[in-house]
There are 2 protein chains.
Amino acid sequence: MSTTSSTGVTAPQGFRAAGTTAGLKASGKPDLALVVNDGPRHDAAVVLTSNRVQAAPVKWTRQALSDGRCDAVVLNSGGANACTGAPGFVDTHTTAEAVAEALGVGAADVAVCSTGLIGERLPMVELLAGVSAAATALDGSAAEGGADAATAIMTTDTVSKQAVAHGPQGSGWTVGGMAKGAGMLAPGLATMLVVLTTDAVAEPAALDAALRAATRVTFDRVDSDGCMSTNDTVLLLSSGASGVTPTAEELREAVTAVCADLARQLVADAEGASHDIAVEVVGAASEDEAVTVARAVTRSNLFKAAIFGNDPNWGRVLAAVGTTDAAFDPDALDVSFNGVQVCRAGGVGDPREGVDLSGREVRIVVDLHAGPATATVWTNDLTHDYVHENSAYSS
Amino acid sequence: MSTTSSTGVTAPQGFRAAGTTAGLKASGKPDLALVVNDGPRHDAAVVLTSNRVQAAPVKWTRQALSDGRCDAVVLNSGGANACTGAPGFVDTHTTAEAVAEALGVGAADVAVCSTGLIGERLPMVELLAGVSAAATALDGSAAEGGADAATAIMTTDTVSKQAVAHGPQGSGWTVGGMAKGAGMLAPGLATMLVVLTTDAVAEPAALDAALRAATRVTFDRVDSDGCMSTNDTVLLLSSGASGVTPTAEELREAVTAVCADLARQLVADAEGASHDIAVEVVGAASEDEAVTVARAVTRSNLFKAAIFGNDPNWGRVLAAVGTTDAAFDPDALDVSFNGVQVCRAGGVGDPREGVDLSGREVRIVVDLHAGPATATVWTNDLTHDYVHENSAYSS
């Protein structure tokens, strides 16, 4: 997992990171990560789950980020600390205090993220010892620290996820990021923890605008299994260490590039999946309607099971499209699977035998013939392995 | 499948039925059914799929039933005749004409229902020969005819579904019914064809009111796999042969009893399922909100996979509840699995080890503590067999 050059959260100047094994997971794998912003600036923005059942760390981080400042992020896998009541919130607070003390910063400037099983308290003795160990490990090479942190936040992920994007040629600033995903992947965000860093100079409001614009068209359009998590968190931290202030558009583009890269990596590593499916809706009356239709298709278990079976079953696509109230004429719908237009004008099109679904990536295009708008939502197929991974043990 | 006493559509006086093998299915199993109302009255009502992509027989039947009269219903499995364009509609019309001619009634008084693969034309030569054979078979015993019809509409159903309910003691009228379900089972109706018959005297408006009241709390609350069909049809035919006119309430109660019985049979025979799951929401501010919350839980693949694994994973219930905008305080939510309150006040309750999920039927109760309303939605678990049945071949 480790690389010699910085490709994740430590790619921008002004950031250190570490990953360690606190002992929260039965597997004994790394489970605690720290990301520290050494400045000179400490601007930050966050997007949190829209689920109304929110984990303690989500509640804490909303509060901590409300002033637009964040000095460090501590993340643990091996336990979501969700539905743990007031004692769970105290655990999160205690964790932030321990990080603050180890780094010499204020606890109110420490974001906390947790992922794992809902409804279990975290083993705090192990977790706090892990915080100390991670703080000590921060002094290693920046590149290894970023990769170690990305590894420590994995749950059922099989590979760690990092991404980087640079500002315009010669501008001298960078956006880096890491993510974990795997299960409970659905909109409003996908189930995931994401930390993005940049050395660009940007006020919290500028970071917030860039982050919301980016997540809206990336993470919010991943719908692996229709299940929304209680812990989703996307943080964007700015150190300002490059001394460069990008335009709003430049910042949005770079942040979006990193989010899109990480979102694609999440889909590629979704629990039990054997296909990554892009459902692209074109000819919609509005972007919202394009998203609504695409999401209806990505939520159809029958469609997803058909893709698992390499079956270009376009009738299941039309059945899903028909559940929406988007503008379209049922007799005008076109659907293609990997470039073969198997449904034309709401009826039989080219022979389904011409469709090759043997590859990992599948592209479905639905043309509503109702306007100029378009949107793509990514999902995965519904497989035996998905059922197995989510039934064989609590996660 | 056949019985000696009438338990289905031929239980009320004034109805004959038949089932035959036209050769529409590769399996060579029965695939064509006729239900005939011999009167003296021919009042009828229908509820059709709310999917905007509607099969030709759905469009035909809406038109045919618009005057509140129906003399006969012809149903075929082995092909949905959906997304087949104008030629598909001509096929439906031709089928109704053939039934009308064989029975000496008007084609506009013949309802048509089809179920099977979307996007394929029906083999009309075989189908029309089947109509003749079924019309000839109508002269057999009423009880066998009803059972044969129930068998002929099966697709991936493993057992045929019939039900009967009687008016108040001594009233002398009856409601009977048959159904097919299995896959694509979701609200607005489940994926299914249902024919209900009664010998009560009732105007079309009275039948319509009773039918809508019944489907709202029965079939509309079955959500096996979240997928809405293009062909769903529930017909209620009245012969008036008993000469008795029930009150609106009596009629509603009897029709609801038959619908509830058939809905429960659909859940018990859903594709690949190993558990039937009742999600009961209590303490809701309104019945609509209770349904919304229950449906969010029944739509969660993670919850459904956990039940397959006999895992009382209440965190996945809360994560689903939290996606809704129903009135509730996340810190007040209670959840029980088969009577064990594993989640109390939004946090850990009694030990999950006390929950026994080994039986077929599972009862989840979610208490929102936000009002007096309640609703139950039925679903099934997400299993290897569901994935297998829906990926291994087109259906």
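Quick reminder: no glycine exception, Cβ is built from N, Cα and C everywhere.
Over in TrEMBL, the protein carries these features:
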ACT_SITE  A:THR191  active site, nucleophile
BINDING   A:THR155, A:LYS180, A:THR191, A:GLU271, A:ASN390, A:SER395  substrate binding site
Among A:THR155, A:ASN390 [binding-site residues], residue with fewest other Cβ within 10 Å: A:THR155
Candidates from A:THR155, A:LYS180, A:GLU271, A:ASN390 close to chain B, where binding-site residues are judged by Cβ under 8 Å: A:ASN390
Packing count at A:LYS180 (substrate binding site) (other Cβ atoms within 10 Å of its Cβ): 27
Secondary structure at A:ASN390 (substrate binding site), reduced by DSSP to three states: helix
Other CB atoms within 10 A, centred on A:GLU271 (substrate binding site): 26
